[in-house]
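Have a look at the structure below, then the notes.
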DNA sequence: AGACAGACCTGTGAGC
DNA sequence: TGCTCACAGGTCTGTC
């Protein structure tokens, strides 16, 4: 599920249950995530106080007295707060138990997600170095896209999905933002004007901000929630809408593989 | 440096 | 019902 809006929604949902709490244990039922989880971290974590729950790109960052947990949801991961002590389900790989008796429970069928523990400064962490700006920050704008794209021959879709360009633009929102900006996803990144990149930066911000807002309404209850909500599909213009009419011109939406991923666009509105 | 293919792993839905 | 296949929201690594 997780693109940036889902990760941010998760952060907002779980932070109130964690901030200020003291960690009791880390329960590792399945250490084989993308990178192995070391159950011995539990001893080091026990007694540490959770100072904050932040996000950088699609990484959740939990500050535990100066050390850090870095949590990534991968393709199929989710986090929720368990307050009723219920037994874990299938694929509930990890619990972070705090002193209220609640726990943050990680479920991930595909195990592409990961949890890292580090006592080194986050700024030097290899997973976080080299990341581009946050899409909703002022540092991200059309001028940045324009400058970084000069000489690049890769598709604009691949370019905006590259975390060195800007973080948090995943496959769904890349298609959506390019549609909103009227740019063909296969167009070479280096051959797009300043003005069009200004429109694309705006479209990325608009699309992500709207999705976060919806996440806030559809995913509000992060404790004990059972069902995972659908994917805001009602508000998507082109993603997963192949062969249905474009909302602007009624041409049929196309699906093609671009930048090695399924890509949806209107062949008439996007040039 | 930049571009691409392949890798990780399980679940789901389509088609037979 | 049960098999096989294609495909799925991310990102790292290796190779040219």
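Note: Cβ is positioned from N, Cα and C throughout, glycine not excepted.
Note that TrEMBL annotation is computational and uncurated.
The shown structure was predicted, so the numbers you read here are calculated from the model rather than taken from an experiment.
Listed in TrEMBL for this protein:
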- A:2-113: domain 'Formamidopyrimidine-DNA glycosylase catalytic' (DOMAIN)
- A:2: active site, schiff-base intermediate with DNA (ACT_SITE)
- A:3: active site, proton donor (ACT_SITE)
- A:58: active site, proton donor (ACT_SITE)
- A:91, A:110, A:152: DNA binding site (BINDING)
- A:237-271: domain 'FPG-type' (DOMAIN)
- A:261: active site, proton donor (ACT_SITE)
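Once Cβ contacts within 10 Å are tallied over all protein chains shown, the recorded positions A:58, A:152, A:261 are led by A:58. Near residue A:91 (DNA binding site), with the C-alpha within 10 Å of its C-alpha, lie none of the active-site residues A:2, A:3, A:58. Long-range C-beta contacts of residue A:110 (DNA binding site), restricted to its own chain and to partners at least six residues apart, with a cutoff below 8 Å, comprise A:74, A:75, A:76, A:77. Annotated pair residue A:3 (active site, proton donor) and residue A:261 (active site, proton donor), C-alpha to C-alpha distance, rounded: 15 Å. Cα distances from residue A:152 (DNA binding site) to the active-site residues A:2, A:58, A:261 are smallest for A:261.
As a whole-number mean, the pLDDT of the domain 'FPG-type' (A:237-271) in this prediction is 94. Residue A:2 (active site, schiff-base intermediate with DNA) has a Cβ environment of 21 other Cβ atoms inside 10 Å. Rounded to the nearest whole angstrom, the C-alpha distance between residue A:261 (active site, proton donor) and residue A:58 (active site, proton donor) is 19. Taking the C-alpha positions, the distance from the residue listed as 'active site, schiff-base intermediate with DNA' to residue A:58 (active site, proton donor) comes to 8 Å. Applying DSSP to the domain 'FPG-type' (A:237-271) sorts its residues as follows: 0 helix, 12 strand, 23 coil.
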